[in-house]
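K.L.:
Structure provided below as structure tokens; questions to follow.
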């Protein structure tokens, strides 16, 4: 029988000192026989998706105590990608994922916690905590802070979000007053940005992985229904703890729940809902922590047969995450996938014996439960606030239209092929990714002329200076995990391309990555990256590039042997993977770059690189 990890510090005469310190935190004699559960919070006043989490940790802690456990809360960092966007702050975003994973490991292992409740929300926090959960492999439940309500203004007929503010700001035809109105209306409440951006995509994927409760990805942060998710998580983690440590049920551990079939479910959901391309990067990294053989090849294979069943901002202006919830949330998308025989329904979850059981209970098209129907009617109030659980607004009806609603059936899919695709070719030999859900059908096959920039800063300046014209393929290189370092998001360049009216006549190709708010012909994660010697570093301005999404290919159109000739010329000059532009890089980022892999490996640390330094 597995032993409670916490007994290392709470049992035996030699642990008198440790117990004395535990007592100083408020523990009493009877507590030393209970499981010690880490409440991993990520509250910060820097991030709207986390600004309301201050009291959530103690809410979960009180429920853990009611269920017979001891709760100990700690905090980890959280970077707001939107605020860090467009300047050197973005260099720190992706590396923060590893710091979050490490900090959770350090705290949980140093204090021998038995289990965790992870309170996450925004872009790198959920994946960082998922990496830690798989690394530690102790019972865990995820509960996120929830999505922001979509913005409302009389000046726009559709819901607003962060991207609207970015795009309109660069539109020279928009008045200062109009820009100010959009800015003030775009992000009205606490919560993760309201579209199917990276944060919400990842929180939705925790449902598909089986590590969170139904509704985790879609109940808006302001709604009173979200309180129950935190409360249930507190009770559930104690049950999972006892299942593992007292009943020897290893099926409740993260690696048992998050097996390869579950990861296939997660990427299937991601493709079906047109999620952020960042999710590919994160799923690859999380799978490596779980020691799973889950690769870009698996993602490419699945992307070829999964249809797009949901279309949400930034891929459309019609729907935001609050609309997905009204249509039945993630459980209803999973239900449609299951009916199309596209889902592994035998996977266990933290709350149900199998995914099939979960779908039967929570899919609004299957269940007859009035309680479930009421749950998915939880909607936005349209009142600006930073307070969680502050409103109880309900939609008058559910959106169960699977032919023309927010969520579609397989038979009525938005497209037969899903919202994400992996492309390969002579400038991306190990692959690159594109969110096809955000690409206009007219440019699924696109031949354009390369316009090469050596940094995001240069790309932004040239786009705003009208140096980029229709028919261009803007290449932004040396922005990968190693080259950046930190693999910056390119939301400003793609937003400015749209501002200039080039959204359907230009492409952007980078070894960096994109915000979940990006749409258009934006292709990222080119691997190998330029700083690792990738062929994207050999492209010259004026080269012709052919992008063929239906055939999953991307190539620079050169005579046979031309790339090899360019590489030989480059090598003859003594080329090294150094930055071809001035950029101040801290020692912390240099350490990250030293071990970072390219995006096709999840941009994780490769400790084998240390061997070459010894």
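Cβ atoms are placed via backbone N, Cα and C, with glycine included.
Remember, predicted model here, so these are calculated numbers, not experimental data.
Copied straight from Swiss-Prot:
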ACT_SITE  515  active site, proton acceptor
BINDING   81, 123, 124, 489  Mg(2+) binding site
BINDING   122, 193  [2Fe-2S] cluster binding site
MOD_RES   124  N6-carboxylysine
K.L.:
Which ones are near residue 122 ([2Fe-2S] cluster binding site): of the recorded positions 81, 489, 515, which have a Cα within 10 Å?
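P.N.:
Those near residue 122 ([2Fe-2S] cluster binding site) - Cα within 10 Å - are 81, in sequence order.
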K.L.:
Under 8 Å Cβ to Cβ from residue 124 (Mg(2+) binding site), same chain, six or more residues apart: give me those in sequence order, or none if nothing qualifies.
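P.N.:
Spatial neighbours, sequence-distant, of residue 124 (Mg(2+) binding site): 78, 79, 81, 93, 94, 96, 97, 100.
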K.L.:
Around the recorded Mg(2+) site, report the further residues of that chain (criterion: Cβ within 8 Å of the mean position of the Cβ atoms of 81, 123, 124, 489; site residues excluded), sequence-ordered.
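P.N.:
Neighbours within 8 Å of the Cβ centroid, excluding 81, 123, 124, 489: 79, 84, 90, 93, 94, 122, 198, 199, 278, 515.
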K.L.:
Taking every protein chain shown into account, which of the binding-site residues 81, 123, 489 has the largest tally of Cβ atoms within 10 Å of its Cβ?
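P.N.:
Within the set of binding-site residues, the most crowded position is 123.
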K.L.:
Counting other Cβ atoms within 10 Å of each Cβ, which of the binding-site residues 122, 193 scores lowest?
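P.N.:
Sparsest of the binding-site residues 122, 193 by Cβ contacts within 10 Å: 122.
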K.L.:
Near the residue listed as 'active site, proton acceptor', which binding-site residues out of 123, 193, 489 have their CA within 10 Å?
P.N.:
123, 489
K.L.:
Quick one: Cα separation, residue 123 (Mg(2+) binding site) versus residue 193 ([2Fe-2S] cluster binding site), in Å?
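P.N.:
Residue 123 (Mg(2+) binding site) to residue 193 ([2Fe-2S] cluster binding site), Cα-Cα distance: 10 Å.
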K.L.:
Round to a whole number and give the Cα-to-Cα distance in Å for the pair residue 193 ([2Fe-2S] cluster binding site) and residue 489 (Mg(2+) binding site).
P.N.:
16
